[in-house]
Amino acid sequence: MGFAVPPSTDTIAAIATAPGRGGVGVIRISGPLAVSVAEAVVGDCPPPRHAAYRRFVDAHREAIDSGLVLYFPGPASYTGEDVLELQGHGGPVVLDAVLARVLDLGCRAAEAGEFTRRAFENQRLDLSQAEAVADLIDADSLAAARAAQRSLSGAFSRRIDAFRDELLSLRTWVEASIDFADEDIDFLADGEVARRLSILLQHLQELRRQTDRGRVLAEGLRVAIVGAPNVGKSSLLNALAGHDAAIVTEIAGTTRDVLRERVVLDGLSVLLLDTAGIRVTDDPIEQIGVQRAWATLDDADVVLVMSGDGQPSAIETDSAFERLRGDPRLLRLHNKCDLTAGVVGLRDDGSIGLSVLQGQGLDALIKALQQRAGLEGGAVGEFSARRRHLDAIDRALQGLEQAEIQLKVHQAPELLAEDLALANRVLGEINGPVDTETLLGSIFSSFCVGK
């Protein structure tokens, strides 16, 4: 997504409250025309950060609405620019009329996420904090909202900045050994660099685990349900969703596509993915469903493998499932325990017995999903994160692991310094700045227009 003109030269405006009717509606304006808009619409610009009650008038001085006006001069505002908020009644007709008046005064309709993008470009927020704004708005559980708030306050950013500072310090030490190579001073011989590098690796690996938990809080745990046809996969999805999201019949192959249902289970956001029954079939439509099921599995965090209690799992008996054997994401479920008098709940082998029909064993399943997400103790201290953050940390880890090899095996300080620089550079992508307009566009275009 591109912007039509440089953000520092124009003034943008948008309705900042959700669509529909409400008690209060907010028009947000940001840019150099904010003061003149206030003077034209309400007669004057109130003192900074003081709410003033005013009439909102059109070009003929006829009242459109009345409400509160707030002025936030830059740079101490959300966007870093002059910001004006008109808080009136929340009817769409009234809000549209006020917005039209503002646009007639020379403002431009804001694009999705443009207010927050300006905050980023004016260094009011870094990139991970800007993403946390969207995560806070989109949070579907209290734990996710609290994690997003911690990221918005800078908790994640500070962790990344601390790693980058240590990497820079370590790289400076290594480059000193290069600069003084002819003076018989070996900065690498005393083991200090090796010790610091080892500690840095351990701490970054822990941050990676915490970031993955943050990603689950922000995006939801992706849980795929697989198994032979007609073992109760769709019934399980319906039971966890609390309504009939999938068709349930005794006819095998009823589910022809991947069904997606987002639910919150004990505070954990979960995206349930009910796949088509995986089997060898001559039905071309069902074959498409099976192909999509495999694509879904590749992206899942947890794979629930269902079978009838007392029956062997399709993972062991069906060659169609061979690629899943030994996958650490698997969690085995034995359904229809009400027919076999089998053990309900967690079993000694780590599998779970349940009866979806009777609603038995679901608590044990939810607890197991919490454990898989690393959040069984709650989300205290967690922050929100995204897949791109994980990718950057993974690349940084690769750089540090390569640096350790250069230090231990090759004793090559030049290559060691370059690997440390690479790790620092990719970690810098998390908070920004980044060079690609495409990445920035994809991040901010997911925001609502008024944010």
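Placed from the backbone N, Cα and C atoms, the Cβ positions cover glycine too.
Note: TrEMBL annotation is automatic and uncurated.
Note that this is a predicted model, so its numbers are computed, not measured.
Look at TrEMBL and you will find Arg28, Glu85, Arg124, Lys451 tagged as (6S)-5-formyl-5,6,7,8-tetrahydrofolate binding site. Among the features that TrEMBL reports, domain 'TrmE-type G' is placed at 220-374. TrEMBL lists 230-235, 249-255, 274-277 with the feature GTP binding site. Here TrEMBL flags Asn230, Thr249, Ile251, Thr254 as K(+) binding site. The Mg(2+) binding site feature in TrEMBL is assigned to Ser234, Thr255.
In this structure the alpha carbons, written CA, of Asn230 (GTP binding site) and Arg28 ((6S)-5-formyl-5,6,7,8-tetrahydrofolate binding site) are 53 Å apart. Of the listed binding-site residues Asn230, Ser234, the Cβ environment within 10 Å is emptiest of other Cβ atoms at Asn230. The C-beta environment of Glu85 ((6S)-5-formyl-5,6,7,8-tetrahydrofolate binding site), restricted to residues of the same chain at least 6 apart in sequence and closer than 8 Å, consists of Ala16, Val26, Ile27, Arg28, Ile29, Leu68, Val69, Leu70, Tyr71, Phe72. The binding-site residues considered are Arg28, Arg124, Lys233; of these, Arg124 has the fewest other C-beta atoms within 10 angstroms of its C-beta. A gap of 47 Å separates the Cα atoms of Arg124 ((6S)-5-formyl-5,6,7,8-tetrahydrofolate binding site) and Ser234 (Mg(2+) binding site). Restricting the average to the domain 'TrmE-type G' (220-374) gives a pLDDT of 79.
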